[in-house]
Amino acid sequence: MVAETLLTVLVFLVAGGDPAPHRNEAHYLCRLKHYWDPSYCPGDLFLESPEAHFTIVWLLGWLSLVVSLPVLAWIGRGLSWGLLAWGWTRLSHRVAPYPGVSVLGAALLVVGTEQTHFGGEWLIGGFESKTLAYGVVLLALRAWLDRASSLTWGLLGLATAMHALVGLWSGVALSIAWLLTRRGRPRLRSMAPGIVIGGILAMAGVLPPLMMNASVEPDIVSQANQIYVFERLPHHLAPLSKGGPWLKDRLERHAGMLVLLGLLAGTLLSRKLPRQVVRRSSLRWIVRFAAGAAAISITGLVIETVLAGSPALAAALLKYYWFRLSDIAAPLAGALLIVASLGLGLRDKRPARRALAVTVAVGLGALSAWGVGGHAWNRSAGAVAPADAKLRDPAAWQAACRWIDTHLPADAMLLTPRRTQTAKWWAQRSEVMTYKDIPQDARSMVEWRERGQEIFQIGFWESGRPRWTPSLASLGALRLRTLGARYGATHVLNETPAYLPIGADRASLPVVGRWGPYTLYALPSPEPRSPAPSQTPPPP
């Protein structure tokens, strides 16, 4: 099992081994660093907003004091992939104890999550709290199949402490599976100790986000919910609002995965299979867990449909990521069913059946190699950090940021392009606002939106959608100086859009440096604040 675990880690490395920062790593790891070192990017709205993931901050955030952010990212990836590989190998062996097939199953899981997701959830990529939480969920599922139900709930509590929604929704899905089972399910009394312990552990993940807005006015919370759900993250939280080809593609892919899962389950679980080849009771639990996750997702769609005319109430409910777990549970169950089917075929005494199983295994192996290996092939053409992949010139961007890190004061504040993600990572300087870095608390979220509108919005399109400035320099020097004075920005890092020649959108401000399409401008120093009036009465 050790060798298979290491091979599974290798599969994850090939799939997600891009240079740091990967997706969300700049978003999350900069927060970890700022929490432990407040002198890092002081005054940044996003970094100074309240923290929602204290467990991971305390477990791993201190490492940011002794290693660089890229090294911290790789440490986190290694821990996550190791935990996921261990959990997956143990779970796979419990369902189909056949050597080697768990590695193929891991590759199928990676491809399945990438190609069939509906709510945009992912498993292998950058490091964040949920990648560790999902590893614990896999261990919890294995414990459940081993009839260690009390341990299962304790592990789900730990997963919730790491990432509240991953652990909680997994617990709900398993509860649905338990309710769907009439025979052979553990008694509530036997699960009670684990439920209590898991509930206590879960508080570390649940209480911080709940307390975050406890003293905030309800109208501010309602406004923030709608910003979060319908403006910033509709692709995760309100998919029906996206509509059009995007929704059609997502629905078809995920529905196809669910149909395939149903067909596999119906075919495999209806047959009388030798216990040493495949354990039907274990597979049934996994399928029911996936069904529970699908039920959660369907409930989210119902909420969005029924409350379409009540956006405030809809946002208050939809912000809990109803579609997240099914994106993982469906391909997980599908991969395990395929692994079990192959194990059955490879042990069949009939040569024709064995030959068919070998052929299918080779075909699936080739498909998985294409899906997973495609990432390595793309990296061979030029490794670019995924968080910078959409920039016009990632190398020039990083060069500009590194120059800023070396030459500008530590308390410099930058106006940066709206869609960039990594100025804090490379330049280690605060930003006024970026689209990616939305705070989690209501007050900061509302301010984030106000900043975005004031800085980047220049009107509306005929459809009613906001119209954003093509670049900061296009706003003009006067507007940039006004924004700098309002938000304490000392410099503007401008990106000339790809459809314009480099430098075509110059602003009449002092140029500090140019790197390809990126220009760094200096803003006037903010006016010194007037000293506070003395509280000591003047002498008579």
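Cβ atoms are placed via backbone N, Cα and C, with glycine included.
Sequence annotations record features per position, and here TrEMBL assigns transmembrane segment to 52-75, 95-113, 153-180, 192-211, 255-273, 285-308, 328-346, 355-377. Summarising the annotation, TrEMBL assigns domain 'DUF6798' to 395-455.
Count of Cβ pairs under 8 Å against the transmembrane segment (52-75): among 95-113, 192-211, 328-346, the largest is for 192-211.
The transmembrane segment (153-180) makes no contact with the transmembrane segment (355-377): fewer than 3 of their CB pairs lie within 8 A, with pairs spaced 6 or more apart in sequence. For the domain 'DUF6798' (395-455), the DSSP-based tally of helix, strand and coil residues reads 32 helix, 5 strand, 24 coil.
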